[in-house]
Structure formats: structure tokens, C-alpha cells
Amino acid sequence: MGSFNLPLLPILLLAVVAAVTGDELRTFIVHVQPHESHVFGTTDDRTTWYKTFLPEDERLVHSYHHVASGFAARLTEQELDALSAMPGFVTAVPNHVYRLLTTHTPQFLGLELPQRGRNYTSEFGEGVIIGVLDSGVYPFHPSFSGYGMPPPPAKWKGRCDFNASACNNKLIGARSFESDPSPLDQDGHGTHTSSTAAGAVVPGAQVLGQAAGTASGMAPRAHVAMYKVCGNECTSADILAGIDAAVGDGCDVISMSLGGPTLPFYEDNLAIGTFAAVEKGVFVSLAAGNDGPTDSTLSNDAPWMLTVAAGTMDRLIAAQVRLGNGSTFDGESAFQPNISTTVTYPLVYAGASSTPNASFCGNGSLDGFDVKGKIVLCDRGIVARLAKGAEVKRAGGFGMIMANQFADGYSTLADAHVLPASHVSYVAGVAIKEYINSTANPVAQIIFKGTVLGTSPAPAITSFSSRGPSIQNPGILKPDITGPGVSVLAAWPFRVGPPSTEPTFNLESGTSMSTPHLSGIAALIKSKYPDWSPSAIKSAIMTTADPDDRSGKPIVDEQYVPANLFATGAGQVNPDKALDPGLVYDIAPAEYIGFLCGMYTSKEVSVIARRSIDCSTITVIPDRMLNYPSITVMLPSTTNPTAPVVVSRTVKNVGEAPAVYYPHVDLPASVQVKVTPSSLQFTEANQAQNFTVSVWRGQSTDAKIVEGSLRWVSDKHTVRSPVSISFA
């Protein structure tokens, strides 16, 4: 598959399989729980028990051992009905079908890269294993070189299903769980994400001469294991098998740049599998989704997941549009051929064609419309970005301007177009259309300016990044964090542009790209603090994030207005600060069970927990009371508006001792807040202290939601929690 066949925004997006009736065989994920007296000596014993549920052994697709109690099997509806009456059966979920969705980011995030040949310390993720669930990997890319890497930790139990020489001390494992038994990447997505997380240092990286520099993953000393769960399609049965293997193999971090429509957690096999991973001490980083900027479009929103949004960085692969009236507009394109800067070309809007929806420049839409030798203005949307340029080129056009629709605002992307092109903002597109309509002979040029660093605003939330609030648990603020996800350069298995002997890289955009940045940063923290729990690592990432951009102003969204918490989460990740957070909010796995019992029935919680749970015997933890690093409060419409809603939290000192932290509340006057006690005093390391936050209505407001932060500040640390308050 060439690079031009990629989806619009590379993230694995769920398409729920339509219900099928009759005798057709379908794959179901069947959750079962043995009687307490039933003890399995080996995984083979468990698989043998699973087969007792099936009409034939050959129907078994996957047997789960670590992160789910159950199996995937091919069954008819009638067979499933019979199976559901058997002792030990809990529930069955249809198999869902999914489809597939840097040189500069380490420096942009403030990380100093290791230099090739120097002596390494335990920095840069050393000793940590990142399991990536994706489309496979191209093992021969220098980003996966084992040069100078130590062997994997003794706990590693995985395997390499390439020829032995393809794996090494960097790429320590590669397995496939879909129909193709080879873990080789036929798409590019998995090679890109895994090298973003933990790719080796590779000098001289570039795409079509742009974004040149030294490529490196976030954790260049960490080990990578690829679990191929996507080929022609990705299914929840295969993904759950990949999580199961990654946990069993000994991965410390699991990175999944995939997702889909949000489901109740007991029906969401990603939520079920990752809950078990976190319970076993494995950190999980997942993409928020590419369905923004509409509210409540994110997925992967369980509280045990790190849910990652996507922002821009301070780099533009600049392609300027100059009109015949002298107006100029800055756009982007990775393909920057050497063309005249003096010749102008006739300019035409594809929407002027009589063909319906021609403005989107879909395949065949420009037939019968004279674009020969012209620059064609196409609207973004509906049709894949690269396919628009291909249609313009097919129809004889010289170049393309791709203009955003209103929803995408100022968010532009640097793509490897097939002809001279520039992707411009909505505002620029409106102005260009006005110019076309104002003159009989509109003309334009595209002037390539190359890679420009230090652009602003940066970061900004990009339009496609999915937004909260979470549908499944609105009492937990999601997303959690923002990472770079626009025009990210990373390893690529295929040629991009003209033939070359150089290693190939590509610029890709999506929350698929921001997620492995956070997976790598989690590996950095895990390497420094190997005993920290996944929730402590998440807390360190969230409470040290930057709510402001590089110029010190609040992070903006695609319309260049301040972004809300449902776009940014805690803010832009700051790796250096995350390695020294001062305080952490920890959550024991048992607390998630109390949280889930506040949402679901005992049977539903039992599916997630992989064991029988009786919620009547469990202390329920309301969502606002879960010891989360962010705070979400709903103020009821009550006859007593000054009645406070109380939130409690526990923080553990992981910084210097003794230390004293003082609270600072940044919220509008429409809410009143009291924090008790008035200071937190720590006399020793790992000491825990409790505090409460009481919130009640203040000055009247028409706002449905107000937001701000609670900061605990000591001489050396600021520990910041985003606060979201809604009015019923």
C-alpha cells in the first residue's frame, strides 16, 4: 500500500458490524468465569476449559489468559443461545470491526536528545518495554537499530515472528494476531507510531527535503514490541488478543493509536483489556480520536486510560499562496517542487463546476470542467486530502489550493501532495473565493518557503482532535493530556516521493501520532521510577502539563480562541517537569471497582473485573471522589444555592522533604471554593496527605460550565489540577 492510500486522519475508527441473524458464523467475544473451586495449572488447561463451551474446537479464534476471562470464537446465533445457558457463561459481545486511522517534537517538548556514541545513563527510557498495538512494523528501518542498546530485561517473555535477524535489542518482539501471520507493516501506521514512541536516534531525517534534522523517539533507549492487530481490518477480538499477549510478555507500557465510538465499559473490549493491564501495573496510553471539533466525540475515556488529544507544534512546512491582487496567505505542503516564483497561473474554484459536490475534488468530479494548466481551489472534507490533488492532476491542473471549511478554522497540515499545493485556513479560503468572484481573470502562484521553525501560536489544538465531555463518565474530565499530533515526522516503510537510498520518513497527523509521544514519555518516567503505579505516572504527566502555549498565552483551538479543558485536558505535556512532579495522585485498582459499582450492575462490573463482583459489598466511589488528577464537579440546581459539593483527594509526596504546599484556586467568581487544610506539610518522602475542596455557587452566571485550576505550590513545585464545574 502506497502512502497515498492512507485514510484521511490515521486513527483506527470503529465501524460497528450490523447485526446478522440466522445460521451465519460470526465472531463473538465470550466472557466466562470458572467456579471458585476450578483452578488452572497452565494456560493450556484454561484453553481446554474454554473449548468445552464450543461445538467444535476449530471455532476458537483467540484464548485470553491475562486481561480477559474468556475467548473469541466463531458461532451462529443459535449456538450462542445454547452456550449462554452453560455454567460459567457471563456475557458475549459481538466482534467489532475497526479500520486504520519526529525530528522536531522532542526539542519542542523540551527534551534533550542523546547523542550517538556517548555513554548512556538510565535516562531515555532504558529498561522499559513499550508494547505497540498497530498495523505491524518495518524492522529494517534504522529507527529500529539495536546499536548500543542493552538486552531486554530478564522478565521479557515475548517472541519475534520475523526471521531472527530482523529483531534486536531495540525491536525485541513482533507478533501478529490478525489473518496475516507476518508482523510486517503493509500500511505504515505502525512503523510511524512505534518509532515515535521509542525510535532510535537517526541523523539526516527528512521528508521530501523538509522537516530535516535528527529523528528520535521520545524514549530512544526503551525497547519496542509490536503486536500487529490490524491488517485489512482490525477487530476487537484481535486487539484484545494483542493486549493479552503484551501483558503476558512483560510490557511496561502499552500504546494504542486506535479507538472508536464510545461504549459502556463492560461492552468495550479495549476498556476491559486495559483495565486488567493497569491492574497488573502496565501503563496504557490511547488516542482520544479524530472526530473533533464537535463536543463529546472522544473515545477511550475510561479513567484508567491516559486519553491523548492532538496539538500542533511550532513548525510550518510553508507554502504561500499569492493572488493577482497582491494578497498572500500562508499554507502548508510537504511536497515543494522547484517551480517558478514569477509565473502566475489562472485560478479557478472547483465548486464552480456543474458537477454536484465538485468543490471537494473527488475522483471524476472535474470531468468536463476546464482546469488545464490552472491552480484549482478545492474545499477540505469528504474526500481524502491527497486524493483531491490527484484528481486535479488527472484533470490537467497545475496546482491545488485546499481550503478549510469553517469547522477546521486555522488547522492546516503538511501533506506529501502529488502536485504543487497549499493547504490554507478557512479565513484564507473565503478571501481567495472572494478574489475569484471579483475579477474576470483571477490568477495565483504557490511559493514554497520550506521548513519554518518558531511559528506561533504553538501548541494549538487541531480541529480533528476529539473533544470531551466523556459520554460514558462525564464526571471524569477527558481528554487527559495534549501531545504533538500534526505533521509529525517518523519512520515509514515506503518511499515518499522520488527514489532515494536514504531511510524513509513521513509526516503524519492524528491523535494516532500524539499518543505514542505520551507512551514514550510514560516510559521515561517508568525508567526513573520503576516502582510507580500507572496512575502515579499519569498524575505526573497531567499535573505538570502546560496550560499555556510557548508565548505564555492560553492554548488556543482551531479557531484561535482559548481552548477549553474538553479540548486540551490538563494541557500540553512537559516531559522534564513530569520527571519531577513533587506530588502524585495515586489510585489503587480496587478503587476503580468502587467507581464502576457506582455506574453499573454487579454482573457488568464482573465482566470488566474478570471475577465475580458483588457491588452490595463494595464501597461505592462517586466519580468526583475518585482520586483523579483533575477535578469535575456538578453543582445541582437546589433551593439552597450555597450548599457545597465536597471533593476529597489524597496526594503523596514524591519530591523533597520536608516540604510545604499552599493551595491556589484559579476559578471565576461564579463559583466559590474553599480548600481544607490551608497547607499540606510533608516531613518525609512518600508521605500521603488528604485535602478537601468545597464548591458552591457564587455570582450568578449564564454559563453552563466554568473551568480553572487548583494549584498546590511549594518552593520547588507547582502541582496543577484542571477543574471543571458544571451547573445543573
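Glycine residues also receive a Cβ, built from the backbone N, Cα and C atoms like all the rest.
Annotations in TrEMBL come from automatic prediction, not curation.
Around the Cβ of Asp134 (active site, charge relay system), the same chain contributes Asp185, His189, Gly190, Thr193, Ser194, Met226, Tyr227, Lys228, Val229, Cys230, Met256, Ser257, Leu258, each under 8 angstroms and 6 or more positions distant in sequence. Residues annotated as active site, charge relay system in TrEMBL: Asp134 (among others).
According to TrEMBL, the active site, charge relay system annotation covers His189 (among others).
TrEMBL lists Ser512 (among others) with the feature active site, charge relay system.
Note on the domain 'Inhibitor I9' (27-100): DSSP counts are 19 helix, 26 strand, 29 coil. Taken from TrEMBL, the feature domain 'Inhibitor I9' covers 27-100.
Sequence annotations record features per position, and here TrEMBL assigns domain 'Peptidase S8/S53' to 125-559.
Annotated domain 'PA' per TrEMBL: 343-432, in sequence order. Note: the domain 'PA' (343-432) comprises 26 helix, 21 strand, 43 coil (DSSP; helix = H, G, I, strand = E, B).
Per TrEMBL, the feature domain 'Subtilisin-like protease fibronectin type-III' maps to 626-725. Taking DSSP states H, G and I as helix and E and B as strand, the domain 'Subtilisin-like protease fibronectin type-III' (626-725) has 0 helix, 58 strand, 42 coil.
Residues or ranges marked as signal peptide by TrEMBL: 1-22.
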If you average the pLDDT over the domain 'Inhibitor I9' (27-100), what number do you get? 90
Report, as a single number, how many Cβ atoms besides its own are within 10 Å of the Cβ of His189 (active site, charge relay system). 28
